Amino acid sequence: MQPIPGRFLLHQEALPHLPVPPLQQTLDRYLQMLQPIISEEELNHTQELVAEFRKPGGVGERLQKGLERRAKKTENWLSDWWLKTAYLEYRLPVVVHSSPGVVLPKQDFLDRQGQLRFAAKLIEGILDFKTMIDNETLPVEYMGGKPLCMNQYYQILSSCRIPGPKRDSIVNYAKGKKQSRHITVVHNFQFFELDVYNSDGSPLTTDQLFIQLEKIWNTSLQTNKEPIGILTTNHRNSWAKAYNNLLKDKTNKESVRTIEKSICTVCLDAPMPRVSEDIYKSRVAAQMLHGGGSRWNSGNRWFDKTLQFIIAEDGSCGLVYEHAPSEGPPIVALLDHIVEYTKKPELVRSPMIPLPMPKKLRFNITPEIKNDIEKAKQNLNIMVEDLDVKVMVFHQFGKTFPKSEKISPDAFIQLALQLAYYRMYGHACATYESASLRMFRLGRTDTIRSTSVDSLKFVQSMDNPDKSDQEKADLLRRATQAHREYTDMAIRGNAIDRHLLGLKLQAIEDLVSMPELFMDTAYAVAMHFNLSTSQVPAKTDCVMCFGPVVPDGYGVCYNPMDEHINFAISAFNSCADTNAARMAHYLEKALLDMRILLQSTPKSKL
């Protein structure tokens, strides 16, 4: 297929620009959002600060005008700022703190050949998807009848994050003359460059890929003494120092560049420690997030690589991705495509040309680099010990139940989370749910604030004996309706979080003193997300997972299927107040109680 020149560009240029919401609207909504999560006293104080900020001709108006000017000059007033503040300037390790993992359905490999054949088929599926990206024949996605920005698809293959002393950067080799022709394969902590195209430009077939993977396997039977990949798990500043140190050597530099330029990484993992069925999925989720620590598979990764597909000998498989270039949905669309592809029968007979040996990447390990690896191992193992992940498959019902009650499944699940949290802690907390801004050019995300005045009223009523079931059910419906409205507002570019961030960054850029509004305790409370959540729906029966964003919080990701819901819940063991299994238990109870409530009451005329 020949690309139709400019098809992608034409589509992109037709997309609207992200609006800057009206200042007064955002400030009103900010105060409303604070009501359920701070005390009356704190709210009164914040109201005074907001009144000061919104005065005609005051600081708020000046910053708003600055944002509006920025919006006129740029393709998207937020995207560069967001990339820097949310990802590239974030200094905690990408492992656990930023990169999400995905658990795919377990494969049944009879032997090593099964593992390698599946890996080969998976690579062929990736290349099939890459062809659609290269030819710009990816079908445009729509939401509510509106076309979505497809830019993230063009950022996920052949890209890599590069550590820097204060800010990282991203390189992308998907464009231009020197397009990547290889993937990186890692086995036993050893990295290989595998060319995945024939000399005529056609992609290697499954049979050819299988032969190449076998060669890699057979030349890397012993684990490498020094797991160089562990360096990518460290704090970004430490890794940046180690990176500069590593690249002083010419051989190392060539090897690192080869990994950075590759289309993606395929990790052939050793089997995980055996565990019972009921915790198997939770253990796989942890493997996808961090590799299990230096004793297991963490050295079998290059965590700065945007896409790493993981296939273990025991049939557990999935992926981990570096979050800066993309949100979950494009990654899951790619996964859905690949999983479908792996089920197809082999049609092509492979040409019997002998293929060159995949190139092993060499590293010269100086005592200093060895020391960096040791430190990274220690830090990683502390992180691995600290992460508590629980995958829960909720079997009692899926998204068809809330739909039968004319309730948005996402709003229903979010309210169940609110109820679970309230029952565990006796109060509501700031809750983050990501909303897609892809209706706009280069749009990323904004925040759906799931905790609302309405959600609080509902969760407070639920265990109150003085309220009738009908009252509770009405409050439940009203709260799901409010969530739906906030979601619609967010995807149309009218939520408050990114706007407030923009005003704050504008103040920094204008070198004016930071407005008191952003120095206020209430603002800190609002930005401390004890619940960080995301719905990532997929056709494949998989679940995405990520770590909490605050030390005393939960990360909750879910994929609602028709008849069941996949949840992944994470928390830190170092926090005495959080516990992933306990949250899963309360969440299950909340979902069931809400179903009983709706089934026992007639639908009211809300």
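Just so it is clear, glycine is given a Cβ too, placed from its N, Cα and C backbone atoms.
Feature list (source: TrEMBL):
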- HIS323: active site, proton acceptor (ACT_SITE)
- LYS399, LYS403, SER404, GLU405, LYS406, ILE407, SER408, PRO409, ASP410, SER436, ARG484, GLN535: CoA binding site (BINDING)
- TYR432, SER434, THR445: (R)-carnitine binding site (BINDING)
- 18-589: domain 'Choline/carnitine acyltransferase' (DOMAIN)
Nearest recorded site to HIS323 (active site, proton acceptor) by CA-CA distance, among binding-site residues SER404, SER408, SER434, ARG484: SER434
Local Cβ density at THR445 ((R)-carnitine binding site) - other Cβ atoms counted within 10 Å: 23
Cβ atoms near LYS406 (CoA binding site) (within 10 Å, other residues, all chains): 9
ARG484 (CoA binding site): tally of other CB atoms within 10 A of its CB: 14
Chain-internal residues, separated by at least six, CB under 8 A from ASP410 (CoA binding site): HIS483, THR487, GLN535, PRO560
Cα distance (Å, whole number) from SER434 ((R)-carnitine binding site) to LYS399 (CoA binding site): 19
Residue among binding-site residues SER404, LYS406, SER408, ARG484 with Cα closest to the Cα of SER434 ((R)-carnitine binding site): ARG484
Among SER408, SER434 [binding-site residues], residue with fewest other Cβ within 10 Å: SER408
Local Cβ density at LYS399 (CoA binding site) - other Cβ atoms counted within 10 Å: 20
For CoA: widest Cα to Cα gap among LYS399, LYS403, SER404, GLU405, LYS406, ILE407, SER408, PRO409, ASP410, SER436, ARG484, GLN535 in Å: 25
Beyond the site residues TYR432, SER434, THR445: chain residues whose C-beta lies within 8 Å of the centroid, for (R)-carnitine: GLU433, ALA435, ASP446, THR447, ILE448, SER532, SER534
Site diameter for (R)-carnitine, Å, by largest Cα distance between TYR432, SER434, THR445: 11
Length of the line joining the Cα atoms of LYS406 (CoA binding site) and TYR432 ((R)-carnitine binding site), in Å: 24
Number of Cβ atoms other than its own within 10 Å, given for the residue listed as 'active site, proton acceptor': 20
Of SER404, SER408, ARG484, i.e. the binding-site residues, those within 10 Å of TYR432 ((R)-carnitine binding site) when Cα atoms are compared: none
